[in-house]
Amino acid sequence: MSQKQPQSPNQTLISITNDTESSSSVVSNDTTNKGWTGDNSPGIEALCAIYITYAVIISVGILGNAILIKVFFKTKSMQTVPNIFITSLALGDLLLLLTCVPVDATHYLAEGWLFGRIGCKVLSFIRLTSVGVSVFTLTILSADRYKAVVKPLERQPSNAILKTCAKAGCIWIMSMIFALPEAIFSNVHTLRDPNKNMTSEWCAFYPVSEKLLQEIHALLSFLVFYIIPLSIISVYYSLIARTLYKSTLNIPTEEQSHARKQVESRKRIAKTVLVLVALFALCWLPNHLLNLYHSFTHKAYEDSSAIHFIVTIFSRVLAFSNSCVNPFALYWLSKTFQKQFKAQLFCCKGELPEPPLAATPLNSLAVMGRVSGTENTHISEIGVASFIGRPMKKEENRV
């Protein structure tokens, strides 16, 4: 039995699939509210600012992620276990930037949904798949960093790269499975304004006439794609912090200087992944909170105030911006990636020359990697350290 909601005085929502009226005044926790159209639509200055922001996110994000992916595939020293996950993360971000972000920008230009029922389902599926790939990959990366800190010199099997590719593929499959219900329930609905004799279509991610389903959808999304993964990541980083603290206390006096360098190296690598996690948490929190507010507070969709409009725009832009910040976070944290990034950006031919092995400092965190020109797999520097630029001593193989 549908749970009827109070009807907005000047709007009626009807499903175009069954052409039956529903008294819900909401459209989607991700699409529109009354303040976006009609008399309450933003002025030309606001629209210009919105489109410029979206254009910057799309162009900068595509450029940054494309270069990151190119660096990974063209530079053998970057093809390591953690960097496979980081590249998978970039692929998910690139998918979102090429599809969902441009479509979202059309909401401010057109009076409704332009991409039909199939487009509604496909784009809903892509959006949630990309979010799942991001947060689940960060969770696996945190587990990988924990293992590297606890057992830094453990020799990994020769097929570690292949296994990591399989894990990355499983993350994509799992994300798609979680996104399927949203694709199934997504539908196009028509928003009718009797006062202006106007109708417009919008894509909703759940049956809009079912208030309970709206609440369940928002709550499950918040738990599965935010709270639970970040809680797991928090546990791993608590264990990492405890391990690093104990290793500092147990450093022998005669090896104080050398061991402290190893501990500092561990901290730098863990910090890289932690920065990516923090960026995800910061960028997606406002969007999740706004979705919960819209789903559990009926009158939220009738709020046509400028403040509500600004908060809505801010949460969406911040969420999409997460898809373009990771390459620049790596650029900031990694001298090696800075050089590779600049080389690819300015179309330099070939890879940058590798620095002399004897002149490079020790990085004690080891994972499996391949040495260029050989088929043997050895203990080597941690994959993220390739981005950080902490190659290894002469006696050790460098990624």
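For all residues, glycine too, the Cβ spot is worked out from N, Cα and C.
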Check: T75 and N159 same membrane side, Swiss-Prot record: yes
N-linked glycosylation site according to Swiss-Prot, picked from N18, N29: N18
Candidate cysteine (C48, C170, C203, C283) that Swiss-Prot pairs with C120 in a disulfide: C203
Annotation match for N-linked glycosylation site in Swiss-Prot, from N10, N197: N10
Stretch contact, the transmembrane segment (314-333) with the transmembrane segment (83-103), Cβ-Cβ under 8 Å, 3+ pairs: yes
C203 (disulfide bond): tally of other CB atoms within 10 A of its CB: 26
Folded-back contacts onto the transmembrane segment (164-184), same chain, C-beta under 8 angstroms, at least six residues removed: 81, 84-85, 88, 92, 121-122, 124-133, 136-137, 140, 205-206, 217, 224-225
Intrachain neighbours beyond the transmembrane segment (221-241), with Cβ under 8 angstroms and 6 or more residues off its ends: 128, 131-132, 135-136, 138-139, 142-143, 145-146, 149-150, 178, 270, 274, 277, 281, 284-285, 288, 291-292
Collapsed DSSP category at C203 (disulfide bond): strand
Cβ-Cβ distance under 8 Å to C120 (disulfide bond), same chain, at least six residues away: W113, S186, N187, V188, C203
Folded-back contacts onto the transmembrane segment (122-143), same chain, C-beta under 8 angstroms, at least six residues removed: 30, 82, 85-86, 88-89, 91-93, 95-96, 99-100, 103, 115, 167-168, 171-172, 174-176, 178-180, 182-183, 186, 203, 205, 221, 225-226, 229-230, 232-233, 236-237, 273, 276-277, 280, 284, 322-323
